[in-house]
Amino acid sequence: MKLSVGIFFGGLFAALGVLLFLVAFGTDYWLLATEIGRCSKAPEDAGTEKATFHHEGFFWRCWFSGNVREHNTSMWKFWYTNQSPSKNCTHAYLSPFPHIRDEHNSTSYDSAVIYRGFWTVLMLLGVITIVMASFLIICAAPFASHILYKAGGGFYILAGVLFSLVVVMYVIWVQAMADLENYTNMKKMDCPDFAVYVRYGWSFMLAPIGVFFALLAGMLFLLVGRAIYLNSD
């Protein structure tokens, strides 16, 4: 009875972990940024403060325009139904936010691409590992194999560790690697009242929750494998 309960909750936590990892991996809301500034001198733009909204993930970086007095800068502005009907997108790997013009030959750009490369590799390894863990657990269930349960549990723990590194690296990226101060100063040459507001998006927030469920599932499956091994003697 206790073994069945452990398998049930292990499977439940594993399913939640896989779902959260895949959603975080596949959606483009790890970073949300709002640029505000009155730069245009056109008469029709007089008295209005324009805003550009950016959201970025593993695959894409997208942006769309809006009006500050019509929309606030909260996270809800980036929800699907609140976005502009048309927006521009580019690959996030070679053009991460903030994208400074004429920087492709600079050392900072090269460092950013290399850092994003490591982050990308860890993200892919985490997704592959958790899919392999799920496959091992599915194979273990019909045969009650303690080896497969232990292997699956180990892979879930490894996936949790990899995604923990992904989260930590992204925090370091936003806080240190992304040259927001230089980007803001460059923009202020054209727009003296320019300001940029950056926050973590809901895709980023799902990743630590997925890490928790993956680690919990991994430990449960290790205990299940040990219990099956002891009962088989």
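Quick reminder: no glycine exception, Cβ is built from N, Cα and C everywhere.
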Membrane topology agreement for A141 and L230 per Swiss-Prot: yes
Of the residue ranges 52-62, 74-84, 85-95, 184-194, the one that Swiss-Prot records as region 'Interaction with ITGB1': 52-62
Residue carrying N-linked glycosylation site as stated in Swiss-Prot, selected out of N72, N105: N105
Other C-beta atoms that fall within 10 angstroms of the C-beta of N88 (N-linked glycosylation site): 11
Summary of DSSP states over the topological domain 'Cytoplasmic' (139-153), given as helix, strand and coil counts: 13 helix, 0 strand, 2 coil
Positions whose Cβ lies under 8 angstroms from the topological domain 'Cytoplasmic' (225-233), at least six residues beyond its ends: 2-3, 6, 140, 144-150, 153
PLDDT averaged over the residues of the topological domain 'Extracellular' (27-117): 70
